[in-house]
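Undergrad: One structure coming up, written as structure tokens, with questions to follow.
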């Protein structure tokens with residue numbers, strides 16, 4: 001029996017989760033939400049995390065019905081992500097690990113998403129589309145690495161959506177992406193936007209700068225509504241994502257797709273991916289907002305796998321890093 | 001009216017053809033056209049895309065593919081011959097490169113199988129062909145080892161290397177675009193064929209030697225590599 005607690009706070013969500021041999025015992029989370037038109041800054045986000053993290057930690061233990069002595073390992077997000085929030089969370093993880101006398105494990109955030117997705121959906125060996133505010137990657141496992149087949153060459157798709165939300169002052173509560181999704185459902189007119197796929201990679205900065213500039217003109221001239229813009233933006237960027245996922249699948253001969261990351265909550269994206277999968281007789285796996293969106297349990301799950309395969313992070317190596325490639329990690333728990 | 005008729009004729013033709021595979025972009029059929037073994041690449045409608053987006057993209061890619069293939073051919077690069085294009089069904093009728101297999105399969109099966117070409121000479125050859133293509137200012141846009149075909153020649157004869165799948169291609173003289181083209185290949189290469197860094201280096205060296213404008217391109221490639229996301233920009 002192995003019980004791991006995971007600490008996650010690389011962006012504006014702070015979550016702490018506890019996993020016992022594949023079972024999620026608790027997974028509380030708080031989100032730092034900014035007013036419409038504003039994004040979240042590293043120092044404010046870290047301040048938010050500092051204010052709530054101990055409360056969330058207590059909740060995690062209480063909801064799991066555990067005491068610190070029951071924990072076998074303390075996992076935390078080593079990176080990638082925003083510097084100040086990462087440091088805040090790592091500091092607490094290091095402290096409790098020393099207080100409780102437990103080993104530490106620094107986990108790659110992207111791998112946390114993948115391992116949680118695998119656990120929840122039981123997908124065998126899927127092509128993974130990892131899409132969030134900070135990351136956009138198409139990943140497939142091969143020879144002890146999660147290899148990146150395709151990715152964004154500039155900004156993440158979630159970042160593109162979030163920044164568009166700021167342009168037309170969409171609320172950030174519960175998240176800008178969720179509100180864009182709801183508005184898109186009411187849109188009907190497709191407005192042509194730049195579409196950029198380069199091989200297996202995508203680029204979103206072009207479509208973002210286009211829509212940032214053109215949105216006000218199109219809206220004030222009455223050419224289209226805000227709902228139409230949300231609809232068109234989703235249709236375009238999601239098509240790009242489905243396309244690079246399909247290319248990776250064709251290249252690897254894969255028959256499974258797993259979507260992880262905050263943008264993976266989007267039902268339209270899941271729907272489009274489902275249509276593509278059906279056409280190729282492939283299976284689609286996705287999770288709900290509890291596990292798509294950054295959470296502590298995913299770090300615990302990846303930590304559980306790493307710990308059981310014999311990995312541990314020494315205190316002097318328990319730093320954080322804003323840049324941490326998914327393929328840098330040796331996946332010792334799979335063959 | 002004429003459009004509907006030609007669409008129906010193509011679909012009728014394809015229904016009798018042998019479906020080879022369904023790639024990400026298109027269905028690929030094998031058949032006989034005007035007495036020649038032919039590959040038909042049909043860019044079918046992608047149901048997940050909005051119809052207007054789908055039509056624009058599909059048409060653009062069909063046109064780009066044909067233009068680039070013709071341009072390469074005129075420059076003496078081995079590519080399939082284009083026999084016919086239908087813009088209603090977005091189908092391209094191409095020469096079938098008989099007796100060939102993808103470079104991907106060649107690399108994956110070596111050294112277990114007796115391939116007609118050793119891996120290192122193959123890498124050098126790929127470098128040469130890409131150099132020629134870039135000197136022609138054609139950016140392939142989707143370079144992977146699945147998009148290169150090797151046809152083994154007679155016993156001790158020359159084998160021929162073909163480039164295919166020009167759907168994402170465009171014309172550009174910029175070293176940046178050529179560098180990115182090579183970067184796309186490098187990533188596809190290394191993620192598909194683990195532990196082949198040395199082989200790819202061989203390919204790049206051969207490219208550098210064969211292309212007249214390679215210095216700027218290689219420099220850009222080095223820059224683009226560093227730009228990779230979440231990658232420490234140090235060193």
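Any Cβ shown, glycine's included, is placed from N, Cα and C.
So TrEMBL lists these for the protein:
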- A:29-300: domain 'Gcp-like' (DOMAIN)
- A:109, A:113, A:130, A:294: divalent metal cation binding site (BINDING)
- A:130, A:131, A:132, A:133, A:134, A:162, A:177, A:181, A:266: substrate binding site (BINDING)
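Locate each feature and note its surroundings.
TA: Under DSSP, residue A:294 (divalent metal cation binding site) is assigned to coil, being neither helix nor strand in the three-state scheme.
Other Cβ atoms within 10 Å of the Cβ of residue A:177 (substrate binding site) number 25 in total over all chains.
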Undergrad: What's the CA-CA gap between residue A:132 (substrate binding site) and residue A:113 (divalent metal cation binding site) in angstrom, rounded?
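TA: One finds 10 Å between the Cα atoms of these residues.
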Undergrad: Counting across all protein chains present, how many other Cβ atoms fall within 10 Å of the Cβ of residue A:134 (substrate binding site)?
TA: 22
Undergrad: Tally every other Cβ atom lying within 10 Å of the Cβ atom of residue A:294 (divalent metal cation binding site).
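TA: Neighbour count, Cβ to Cβ under the 10 Å cut-off: 27.
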Undergrad: List, in sequence order, the residues of the same chain other than A:109, A:113, A:130, A:294 whose Cβ lies within 8 Å of the centroid of the Cβ atoms of the recorded divalent metal cation site.
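TA: Going along the sequence, the neighbours appear as A:110, A:112, A:114, A:132, A:135, A:260, A:261, A:298.
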Undergrad: For the substrate binding residues given in the record (A:130, A:131, A:132, A:133, A:134, A:162, A:177, A:181, A:266), what is the largest pairwise C-alpha separation in angstrom?
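TA: This binding site's residues have a maximal Cα-Cα distance of 18 Å.
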Undergrad: Does DSSP put residue A:109 (divalent metal cation binding site) in a helix, in a strand, or in coil?
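TA: Helix, per DSSP.
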